[in-house]
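Taking it in order: structure first as structure tokens, then the write-up.
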Amino acid sequence: MYTELFDKISFSEAKERVLSKSKIDIESALHSSHCGKPLNFEEYLSLIHPTADPYLEEMARLALDWTKKRFGNTISLYMPMYLSNECRSSCVYCGFSFENKIPRKTLNESEIRAESEILHSKGIRHLLILTGEDYSITNLEYLRSAVRILKSYFDSISIEIYPMDREKYEVLIEEGVEGLVVYQETYDPEVYSNYHLRGMKKNMRYRLDAPDRGGLAGFRRIGVGALLGLSDPYGEMFRLGEHAHYLSKKYWRTTIQISLPRMRPAQGEFDKTIFVSDREYVRFLFALRLFLPDSGLVQSTRESIRMRNHLAGMPITHMSVESRTDPGGYSGGEELKQFEIEDTRKIEEFTEMLRKKGLDPVFKDFDRAFLQVPDRIV
Amino acid sequence: MAESDDLIIAGRRFKSRLFLGTGKFSSGTSLEQAIHSSGTEVVTVALRRVDLSSTEDDILTKIDRERILLLPNTSGARDAEEAVRLARLSRELGGGDWVKLEVTPDPVYLLPDPIETLKAAKILVKEGFNVLPYINADPILCKHLEEAGCATVMPLGSPIGTNQGIRTLANLEIIIEQSNVPVVVDAGLGLPSHAAQAMELGADAVLVNTAIAIAKDPAKTAYAFKLATEAGRISRLYSNSGIKTSKQASASSPLTGFLEEESRNVHGVI
């Protein structure tokens, strides 16, 4: 389990390992990448270091080259569907936090169908379903029922919900779920403890090992991520790289994806966000691409239009589009969103931008024939 | 070299990363000298060649089992059943729990059978053996063997006894990158430079037999392999430091120019 690796070094030691890197380490790492080798972990840490900034253009060229070699000129598109904003956990930075007195909603079957029909009509075949952390309302049976409906509309269904036991993951895979996404939020135990006040989410270690349980259950894709802005970004990037690398080596049948969301405004009064500049954010993404060239790098609509336009295909490979972060948001109705999104472009406008860049927007690259589930019914 | 750079296999620690095979030596004395000058701590012997129950076996008497791991191999086995039988016999006769698994139905090129090797590995691991399988350089097979619980994987550099060096480069690179157990490049290494190359690639150890056993001076050649193995390891760990890279960035920064837009915007606001 990842926690065994995690326990070997503290968060502050991890941060210091990054900051101990020098210019010569950075140049050596870039040399490896020029030689066609994926970076090793120490080399990856070098490129996270702020001293790597003068080499950003070189990193960009390498990132573009690696992305093209491994993913071609394609961008996989997906859309999120929030099934529920019910939450029993209190995470101080999140709009869904139990403490926030906002209207709560969980989609029923007809509402799920209504949302699905809208997304399906837009051509989307990759769906990410999300819930808050209310284990009683969005329980396993609720999720199974939802997936039974959704698989009539979508070829690939991934979940971004509360962490589960392996056995429950197995049930969902059998039902037709292909991918699992578990953002750790922060890998800093102290900050984690301070920002997750109540609820099951307070159990950091259970969350840390959720991707392992997903790997053992047999998900085909597993996504991990850190929410940049909660703790020291160098410590977070050490851990995230370590975690993704560990998972990709251990669960070799599973594709690992990485996401680097930055904090966005949300309901509540959280005001301790640690600023991560565009330059830093881009440097982190380039370092990840050169370290893990086969991992999908996912970018959501949290980021600005400018950033998304420039990073598509270099190094980003998977993007959400036209997202709503509130349950029932695509069908209209109340505003119950988890956080503010930045890129509000319609799917047509976004795909036109991709095509102008010479990128092919991919709506479908998975088929449920891979899974032993009933055929499409619509 | 760093103090922590020992090779660990199935919990046992080794300083040397050169394994030695014992076939084809002209005499027990020649073998003994090669063992000594190679500095090896792992010596593999064909179960069909030795009498494990005897204290006077010519090969076994040359191996100081206090210092050196005797690694019995199942060479000659044509399928899983034969390999498992040989391994069990070895343990019964005091050969210990370690076994180099070789299943080679083809008597000409002695290429390993992946299907039978995996089958035998699963059985032997369950029976408590530390299994070190000799295989073709097949990355997916390596992952299956790792999942089966093997202590290492031992992909070949080129067909056994051919001295062709590393002809499986692309696959070895993948194996080394992906493996969670030590990778020992076995077979085909004909020159010390081949051993150095394997170690530079990132192999955890190499196994050499023919190139040393049939050399004009096996002891001197074994010493050359020892140095080459160490040189390759040091090179892997340290030699990239300080190499200057060519700067491809152009003044106009076409790929990251958008970040400058951000700076200008920020300044504009201020």
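Keep in mind that glycine also has a Cβ here, set from the backbone N, Cα and C atoms.
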Given that TrEMBL lists B:ALA187, B:GLY188, B:ASN209, B:THR210 as binding 1-deoxy-D-xylulose 5-phosphate, which residue among B:GLY149, B:GLY161, B:GLY257 does it place in the same site?
B:GLY161
Most Cβ neighbours within 10 Å: which of the binding-site residues B:GLY161, B:GLY188 is it?
B:GLY188
Quick test of understanding: given the recorded positions B:LYS100, B:GLY161, B:ALA187, B:GLY188, B:ASN209, B:THR210, name the ones whose C-beta is under 8 angstroms from chain A.
none
With H, G and I counted as helix, E and B as strand and the rest as coil, say where DSSP puts B:LYS100 (active site, schiff-base intermediate with DXP).
strand
Span of the 1-deoxy-D-xylulose 5-phosphate site, taken as the largest CA to CA distance across B:GLY161, B:ALA187, B:GLY188, B:ASN209, B:THR210 (Å, rounded to a whole number):
9
State the count of C-beta atoms found within 10 angstroms of the C-beta of B:ALA187 (1-deoxy-D-xylulose 5-phosphate binding site), not counting that atom itself.
29
Integer Cα-Cα distance in angstrom, B:GLY188 (1-deoxy-D-xylulose 5-phosphate binding site) to B:LYS100 (active site, schiff-base intermediate with DXP):
17
Quick one: among the recorded positions B:LYS100, B:THR210, which has the most Cβ atoms sitting within 10 Å of its own Cβ?
B:LYS100
How big is the Cα-to-Cα gap, in Å, between B:THR210 (1-deoxy-D-xylulose 5-phosphate binding site) and B:LYS100 (active site, schiff-base intermediate with DXP)?
17
